[in-house]
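J.: The structure follows.
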Protein chains: 4
Amino acid sequence: MTSDTWEFSGRNLTSRLLLGSGGVSSAAVLSACIAESGTDVVTVSMRRAGASATSGLLPAIQAAGVEVLPNTAGCRTAREAVLTAQLAREALRTDWVKLEVIADDRTLLPDVLELVDAAEQLVDDGFRVLPYTTDDLVVARRLRDVGCAAVMPLGSPIGSGLGIRNPHAIELICGEIELPVVLDAGLGTASDAALAMELGCSAVLLATAVTRAERPELMAAAMRDAVRAGRAAHDAGRIPRSSLARASSPTTGMVGR
Amino acid sequence: MTSDTWEFSGRNLTSRLLLGSGGVSSAAVLSACIAESGTDVVTVSMRRAGASATSGLLPAIQAAGVEVLPNTAGCRTAREAVLTAQLAREALRTDWVKLEVIADDRTLLPDVLELVDAAEQLVDDGFRVLPYTTDDLVVARRLRDVGCAAVMPLGSPIGSGLGIRNPHAIELICGEIELPVVLDAGLGTASDAALAMELGCSAVLLATAVTRAERPELMAAAMRDAVRAGRAAHDAGRIPRSSLARASSPTTGMVGR
Amino acid sequence: MTSDTWEFSGRNLTSRLLLGSGGVSSAAVLSACIAESGTDVVTVSMRRAGASATSGLLPAIQAAGVEVLPNTAGCRTAREAVLTAQLAREALRTDWVKLEVIADDRTLLPDVLELVDAAEQLVDDGFRVLPYTTDDLVVARRLRDVGCAAVMPLGSPIGSGLGIRNPHAIELICGEIELPVVLDAGLGTASDAALAMELGCSAVLLATAVTRAERPELMAAAMRDAVRAGRAAHDAGRIPRSSLARASSPTTGMVGR
Amino acid sequence: MTSDTWEFSGRNLTSRLLLGSGGVSSAAVLSACIAESGTDVVTVSMRRAGASATSGLLPAIQAAGVEVLPNTAGCRTAREAVLTAQLAREALRTDWVKLEVIADDRTLLPDVLELVDAAEQLVDDGFRVLPYTTDDLVVARRLRDVGCAAVMPLGSPIGSGLGIRNPHAIELICGEIELPVVLDAGLGTASDAALAMELGCSAVLLATAVTRAERPELMAAAMRDAVRAGRAAHDAGRIPRSSLARASSPTTGMVGR
């Protein structure tokens with residue numbers, strides 16, 4: 001009942017939890033988090049690739065046997081992001097990229113105009129593009145229409161731990177966009193990840209919720225279970241909400257009254 | 001990391017998910033749900049004990065090797081509840097009881113005045129009393145003070161699927177009452193169960209969320225994982241919430257800028 | 001359209017905002033807040049009656065021409081509260097009392113067992129009893145059944161500013177209890193007060209939200225308008241919520257397409 | 001204390017409530033709503049200008065002595081919106097326009113890429129542009145940077161009555177964008193309007209919440225008061241939220257203990 005593979009951007013994955021390496025304190029911690037999380041994919045910022053290599057993050061990821069998903073974290077314009085993606089392709093010999101084009105360092109919010117522009121260029125250049133975006137359904141449609149392989153809306157600002165600020169918006173996206181929808185950014189704890197899956201997301205991507213928890217490995221295990229739980233709950237067909245009680249026990253055939 | 005036993009009313013349990021049998025469509029479905037949930041304890045209404053026996057629920061629970069926790073569902077007064085608990089003790093040769101004293105059939109809300117009265121009588125009579133109560137901290141203190149073995153506050157009305165309507169109230173109870181706090185009633189889906197554990201509950205008790213889901217077995221598995229996830233997330237020390245973003249990648253040592 | 005008198009515990013009031021004097025910095029500020037709020041009733045703690053008299057609060061309230069509602073703030077047992085109410089009756093020559101029986105100084109939460117006991121005694125003694133209680137519908141029924149003149153559930157702990165933590169519970173009370181339901185405690189700002197009225201409350205009682213705001217007089221005016229707004233919105237019959245858009249403009253008869 | 005004029009797109013307004021005419025059942029109801037709301041501005045869809053003229057809406061608005069704000073409701077592309085705005089300018093001899101470029105009829109969500117394009121063209125053409133947009137701070141910056149006179153983010157989809165789905169996002173916009181921020185779309189009731197003002201919005205624009213309420217005139221009055229209340233509460237400096245109680249009465253100097 002729990003085995004579940006899914007196709008994501010040309011890969012067959014067994015886990016619906018994607019991990020970011022940002023914020024991790026050491027390669028050893030990252031290795032442990034990867035193992036506990038059960039993830040198949042770890043995303044790495046290419047703009048600190050040198051630092052990552054030096055610090056041993058890339059070797060740790062590769063040693064874990066999971067796939068590296070390069071990202072364009074820190075890029076502010078379509079031009080920067082396209083260049084960074086191209087460098088990543090050469091360095092890592094991979095065809096996919098998590099596309100981030102942020103507006104500023106304070107909010108790290110996506111700049112959707114630059115994002116759509118960059119996505120279009122990268123798709124034309126043969127990439128499988130996985131864009132980090134807002135929870136705007138109409139922008140998600142654009143990203144789909146230019147040929148992205150998924151849409152990755154935020155729950156709340158990166159690293160904020162505020163969870164999913166607008167579940168209604170995420171539900172609208174999941175209900176219409178036929179691509180994989182990956183909740184990316186803002187999650188803080190296990191119930192946030194479960195909720196993302198219950199809303200219909202295909203997967204969850206998170207970094208700081210794990211890497212900056214007091215006990216990163218234990219939070220990685222929590223997130224693994226939460227994503228599985230949310231996925232199963234989504235498929236199991238939850239009971240409807242009702243404003244009054246509904247007896248769980250039959251009221252007929254009672255003894256003693 | 002995932003093995004975790006805890007003491008509950010004199011039992012050593014391995015699971016923090018307690019299951020109710022209310023609303024289940026057949027003994028076969030109940031058996032499957034017990035297996036998937038990983039639970040150690042199933043609660044059964046004694047006022048339909050005859051019906052349960054007839055329908056084979058009790059044999060199914062006993063065959064599963066889990067412990068039966070009798071409850072006083074449907075009782076409206078302390079007197080009724082005490083009598084029902086005493087009958088349960090004789091019938092099932094057990095010293096514990098999930099104490100329910102409800103006010104009416106429409107809301108199934110606890111009547112806390114009758115509840116405290118019944119709890120006191122049952123403790124005096126040698127029971128280990130597990131009271132289903134509201135999310136009122138002050139009532140929880142009373143139940144503790146009269147000698148209950150746990151407090152079991154509701155998240156929302158029984159069977160409503162509304163989840164935890166007042167997390168703040170549950171958090172206050174968990175932060176002060178040293179007894180096991182078991183979230184009992186109102187949960188609808190996996191993220192609700194995870195949240196209960198993140199707020200500090202020791203365990204979760206649910207029935208209709210599983211038994212009346214479209215696919216009860218799959219929801220049982222979801223709840224098993226959700227409870228584990230919420231517990232681990234609680235122990236792992238989540239990141240703080242902040243209103244602005246916090247970069248997951250270092251902003252120093254970047255290449256390309 | 002905006003004139004609206006209502007009966008509350010034998011009085012005909014024109015305002016649905018009741019004001020507390022707790023936390024106010026001076027008699028002059030209190031006078032200004034009373035004027036701006038448009039209230040007809042101000043509640044005063046009898047356990048600091050001496051202090052109130054000294055500081056001039058009571059004279060300020062009486063000079064404003066509004067009615068004084070004594071309260072039993074700080075009482076921990078039914079016995080203390082009954083005694084305090086009786087002293088208030090003699091001192092102020094009034095038949096009503098806002099009944100508070102709190103459990104402790106840290107949470108200031110009502111102790112509903114002591115509360116029901118005290119309410120019963122005071123009703124028997126001829127008081128019009130206005131009990132500060134939790135958001136528990138079943139306790140509200142008890143208070144009604146022993147003869148209280150209203151029920152006054154909390155939104156959240158006194159002075160917390162957390163607003164209405166469980167609107168669903170307040171709605172259940174308003175939907176069933178035929179007495180005036182007055183939201184008492186926890187409100188922080190204007191939208192909280194409007195929400196209370198929209199849920200069906202008859203009135204709102206608040207103190208610190210006004211007296212400890214940076215500009216108490218302006219907040220008093222805000223609360224006056226918010227209560228009126230919420231009451232009118234309740235009566236006006238709001239549009240239903242729908243998960244998708246509903247065009248405000250007709251889509252037929254358009255020009256230009 | 002309650003007189004408060006503000007500058008909006010070159011006008012000095014006395015009310016912070018802007019009214020839409022969409023959904024109104026008759027010219028007479030619209031006249032009554034305008035009077036009760038106290039608004040200075042009513043927005044009208046230019047794509048049904050013919051219908052509006054026929055049905056007498058425009059004459060009703062003009063007879064009320066309030067200003068007409070033409071909008072481009074129903075436009076799907078920048079080109080359509082620009083053309084519609086230009087027709088409006090000629091027909092109504094006005095320099096401002098509420099710019100709407102929606103993506104589809106089912107969600108009525110703004111298409112922010114088309115929106116920014118249209119805004120830029122209209123600013124260049126000499127319009128004062130008031131764009132209906134999402135709650136995306138980065139898009140709001142773009143609209144400011146191309147020269148819009150305000151930003152008008154949605155609370156939730158038009159006509160949904162879901163209120164403000166993401167208060168955090170609205171707060172971010174109000175905290176950074178120096179232009180008037182007008183909450184536009186999705187509000188259902190008075191507390192929603194008060195909340196918008198408390199978050200820092202300069203004004204609120206709504207249509208169906210009033211025009212489709214059971215009693216439109218009464219809801220117009222409710223919204224008038226709610227906007228005033230929210231504005232005053234914002235300026236009054238609310239008390240902070242705290243997880244525990246804060247006594248409103250001093251605990252020293254008590255009598256009777």
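Cβ from N, Cα, C; glycine included.
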J.: Please identify which of D:GLY147, D:GLY159, D:GLY230, D:GLY237 is recorded by TrEMBL as part of the 1-deoxy-D-xylulose 5-phosphate site containing D:ALA185, D:GLY186, D:ALA207, D:THR208.
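T.: That 1-deoxy-D-xylulose 5-phosphate site, as TrEMBL gives it, pairs D:ALA185, D:GLY186, D:ALA207, D:THR208 with D:GLY159.
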J.: DSSP on D:LYS98 (active site, schiff-base intermediate with DXP), three-state: which is it?
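T.: Where D:LYS98 (active site, schiff-base intermediate with DXP) sits, the three-state DSSP reduction gives strand.
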J.: Given the binding-site residues D:GLY159, D:GLY186, D:ALA207, D:THR208, state which is nearest to D:LYS98 (active site, schiff-base intermediate with DXP) when distance is taken between Cα atoms.
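T.: Checked the binding-site residues D:GLY159, D:GLY186, D:ALA207, D:THR208; minimum Cα distance to D:LYS98 (active site, schiff-base intermediate with DXP) goes to D:ALA207.
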J.: By a simple count, how many Cβ atoms lie within 10 Å of the Cβ of D:LYS98 (active site, schiff-base intermediate with DXP), its own Cβ left out?
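T.: Around the Cβ of D:LYS98 (active site, schiff-base intermediate with DXP), 28 other Cβ atoms lie within 10 Å.
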J.: Sorted by position, what residues of the same chain at least six away from D:GLY186 (1-deoxy-D-xylulose 5-phosphate binding site) have a C-beta under 8 A from it?
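T.: Listed in sequence order, they are D:LEU154, D:GLY155, D:SER156, D:PRO157, D:ILE158, D:GLY159, D:SER160, D:GLY161, D:LEU162, D:GLY163, D:ILE164, D:ARG165, D:ASP192.
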J.: Find the average pLDDT over the domain 'Thiazole synthase ThiG' (D:9-250) in the predicted model and report it.
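T.: Averaged over the domain 'Thiazole synthase ThiG' (D:9-250), the predicted model reaches a pLDDT of 93.
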J.: Any same-chain residues 6+ apart from D:ALA207 (1-deoxy-D-xylulose 5-phosphate binding site) with CB under 8 Å of its CB? Would you list them in sequence order, or say none?
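T.: Non-local contacts for D:ALA207 (1-deoxy-D-xylulose 5-phosphate binding site): D:LEU19, D:GLY20, D:SER21, D:GLY22, D:GLY23, D:VAL24, D:THR43.
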J.: Taking the residues D:GLY159, D:ALA185, D:GLY186, D:ALA207, D:THR208 listed for 1-deoxy-D-xylulose 5-phosphate, what is the greatest CA to CA distance in Å, to the nearest whole number?
T.: 9
